[in-house]
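Record features, source Swiss-Prot:
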type	residues	note
SIGNAL	1-21	signal peptide
DISULFID	C23-C35	disulfide bond
DISULFID	C29-C44	disulfide bond
DISULFID	C34-C67	disulfide bond
DISULFID	C54-C75	disulfide bond
DISULFID	C69-C81	disulfide bond
Amino acid sequence: MKVVLLECLVWMMAMMELVSCECWSQADCSDGHCCAGSSFSKNCQPYGGDGEQCEPRNKYEVYSTGCPCEENLMCSVINRCQSA
């Protein structure tokens, strides 16, 4: 039973690694994505679409909880993307 649980855990970690792309800066991410996360674990995440969580753009391009919004959208005071 322990072996099965360990195999499941390893499989889940491998899948998470495939889905997310680790990054150190914006330059590590492809177009339409930003580098966001904690100081120890940042991943390339897509820019926010209409109604999705966001962080306002900043000159340092440092984001912790999510990316800025896609073009033509703005990040509202409640951190949701909406029409500009």
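Yeah, the Cβs are placed from backbone N, Cα and C, and that goes for glycine too.
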C54 (disulfide bond) in three-state DSSP notation: coil
On a count of neighbouring CB atoms within 10 A, which of the disulfide-bonded residues C29, C44, C81 is highest? C81
Using C-alpha positions only, work out which of the disulfide-bonded residues C23, C35, C44, C67 is nearest to C54 (disulfide bond). C67
From C23, C29, C35, C44, C75: disulfide-bonded residues whose CA lies within 10 A of C69 (disulfide bond): C75
With C81 (disulfide bond) as reference and a Cα-Cα limit of 10 Å, the qualifying disulfide-bonded residues from C23, C29, C34, C35, C44 are none
Disulfide-bonded residues: C23, C35, C67 - member with fewest neighbouring CB atoms within 10 Å: C23
Roughly how many Å separate the Cα of C23 (disulfide bond) from that of C44 (disulfide bond), to the nearest whole number? 6
Roughly how many Å separate the Cα of C67 (disulfide bond) from that of C35 (disulfide bond), to the nearest whole number? 7
